[in-house]
Amino acid sequence: MARKTGILVLASVLLASIASICDSAAIFNPISDAHRSAASELFSLSDGSFGSLEETYEALRTFVVLGIEKEPVIRTSVCASVAETLSSPSSALKDLFQALRVNGILKCEINDKAFAEIAFRLKDSVNAANLLLDFYHSIGGLMLIKDQTSEVDVHLGDADRIFRSIKALSQSDGRWRYSSNNPESSTYAAGIALETVAGLISLASSEIDHSLVATIKNDIMKLFDGVERYDDGACYFDEKFVDAHGHQDPLSASSSVVRGITAFATATEESLNLPGDKIMGLAKFFLGVEIPGSAKDLYHQIDALACLGNSRVSVPLILSLPATVLSVSRKDQLKVRVNTVLGSSAPPLSVKLMQIFSSGSKDASVIDQELKFDPDHAVHVLETLPKNIDVGKYIFSFEISLQDPEHKKRYITGGRTKVPIYITGLIEVNNAEIAVLDSDIGSIEMQKKLDLSGENDVALLANHLQKLRLSFQLTTPSGKAFKPHQQAFLKLRHESGVEHIFVVGDSGKKFEIILDFLGLVEKFFYLSGKYDIQLTVGDFVMENSFLRSLGHVELDLPDAPEKAARPPPQLVDSYSRYGPKAEIIHIFRSPEKRPPRELSLAFLGFVLLPFIGFFAGLLYLRVNLKNLPRSTVPATFAFLFHLGIASVLLLYALFWFKLDLFTTLKALGILGIFLMFVGHRTLSHLASVSAKLKSA
Amino acid sequence: MGRSTPSKDAQALFHSLHSAYAATPTNLKIIDLYILFAVFTAVIQVVYMAIVGSFPFNSFLSGVLSCVGTAVLAVCLRIQVNKENKEFKDLPPERAFADFVLCNLVLHLVIMNFLG
């Protein structure tokens, strides 16, 4: 129990200190296998399909980006559904678009005639459209047909007019409206609009007016001006518009914008000159989501990262560390990995360690050391840590420089990357000793050396006029005094289970605690006797944190005065609290003393004796039944009268054995009426007979 | 008269009592016999209680009170049936018997309830 408490204290202190360090620096890891397994889990097949065509597209797109092979399983059923949607003349525009999107990935066998019919329909709806989503679905559909077959003519003739009607929906801040009737503007719609415009540019049969394209570029710049920023450098597009589809989270909005600008940059084949730190911030935002909880969010994240990963805009390079906790005693090497957002390898580059910020102090030591590239593992290694690095927490600042000047245009490195690093090591414990001092002069009464790396079992004696002193030194691997964050505790535990915990103070050079028992008697509840001593020293950078029993001290404290506080009742052990309760023993009344069986039976016989005597007496008196009526009707009544009395007595016997009072009273009421009737008939007959005799 | 031994006196007393009682009507004698039967039964139960203790006390009370109660009712019946009692001259014995039966049934209903 005591050991468990100590470990808990250690663990909570470690957590608290780790939480405090994570401020400005943060690590963003590229897409990894964790995302792949999450994708397989989130996009799970129910009844052999992913649900609607839209959900199927999102699942397939995510799988394609992550490189998961799942197509053959669902290919047949999805293709059937795609073919059905595409051949049906009543399919909605949105369904056609989704079916074409799915077909773009699965490449089902759809004949060119069907494509031509759909293209005809889509062209019609482009010309008739005035809602943003209608433009998006029809132009997107035509784009997909263009990619899937070369036989069908998908070019749009009146591109400038369509362009203007789409542009009419844009707002001054770079966002867009879904329809001209709706004044609310949306960032998600901006992404959709950019994609639509990009589609329109590639579908236009003649060149689009340059000034129109320039206005769209201007819109994109305005959109990027409104980007939101987190402290860790992540950027995102906020979505204030709430519509019926529920597209209101920053993830889907940012994803939509990234898709839009990528499509636009691809279509125009021009440089957009977007600020590199914002693109990097967007990449950090999508990576910072880590693994989303819903399939939709995962699609938005992965699709946006895929756009960023092979974007024509610029490809962000992400610096990540396999391990941010390095042990100086194990001589761990600092390794840095540079990847694109999707985890693929980066172009040749060099990584420099520029600065090291020590926790707690603002000043940084400038290092400017280049890391050595290990081509086998694709990591950059810092072989030896700088000399002045001791155990503790640091923030390392890295800089990526690309070797090929061509790459500098394509890739963005995001300037200096700050990464929190924890350096751990074995802490040496020296000069540990425990002593009992005389209070007045401070002379040493008893002193013991301790070896805190092993077990100790000291036995000390002290009274309330003495002091207990415990001291030890902590040294880091580089020989400096180590100062854990107030994580040295001394625990005294009385035999009765009363515990007292003291914090061991740090005097700069060594740790020391002096317990003056005179001032502590009240705190100790005047409990004399054996106290176990336990020492806990721990820190999150100390690899050999320990919780050791040092032995015991026999305390001789004065007797408690009457008003002294009683020791608190000991907390119930949590194991026994939830464990089985003590068995409840029921105390029953002891049974009454019973007479011997024979005696009771004998008295039963005795009770019958007067009854026999009664019959004997009746015989002696020559009693007879001659007075019973002779004629049939009175005789019957007399018989019924006796029968009635017998049945009432029988009812009483039943009442005694099993019936309750209410049942008995009901039956008795009926029997009583019967008895009254027959009794009256019988007795009145007898009375009339005797009256006749008298008168005669 | 003169001096006579107490036993003789007692004998003479008993004899006169017996002869006087012999003149009692048979139906009264039956009631007397019934009263004796009830009283003796009660006495035996009291003796039993004195020997082994009063553990099922309500059962004991039920038993004794049943006997005593029925004896008292029988005494009442005897008073009403006796032709010597001018007070009840107009009351037919059948009516008295009906009362006796009714009271006994009520008494024993209570006794059975109390018996436990």
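Any Cβ shown, glycine's included, is placed from N, Cα and C.
It should be emphasised that the depicted structure is a prediction, and the values quoted were computed from it without experimental measurement.
Marked as signal peptide by TrEMBL: A:1-24.
The domain 'Ribophorin II N-terminal' annotation in TrEMBL covers A:31-308.
Taken from TrEMBL, the feature domain 'Ribophorin II second' applies to A:317-423. The domain 'Ribophorin II second' (A:317-423): residue composition by secondary structure is 6 helix, 60 strand, 41 coil, according to DSSP.
If you look up TrEMBL, you'll see A:431-555 marked as domain 'Ribophorin II third'. According to DSSP, the domain 'Ribophorin II third' (A:431-555) comprises 4 helix, 71 strand, 50 coil.
The domain 'Ribophorin II C-terminal' annotation in TrEMBL covers A:588-688. The domain 'Ribophorin II C-terminal' (A:588-688): residue composition by secondary structure is 78 helix, 0 strand, 23 coil, according to DSSP.
Per TrEMBL, the feature transmembrane segment maps to A:599-621 (among others).
With a threshold of 8 Å between CB atoms, the same-chain residues lying at least 6 positions outside the transmembrane segment (A:633-655) that come near it are 661, 664, 667-668, 671-672, 674-675, 678-679, 681-682, 685. Per TrEMBL, the feature transmembrane segment maps to A:633-655 (among others).
Annotated transmembrane segment per TrEMBL: A:661-678 (among others), in sequence order.
Predicted-model confidence for the domain 'Ribophorin II N-terminal' (A:31-308) is 84, expressed as mean pLDDT.
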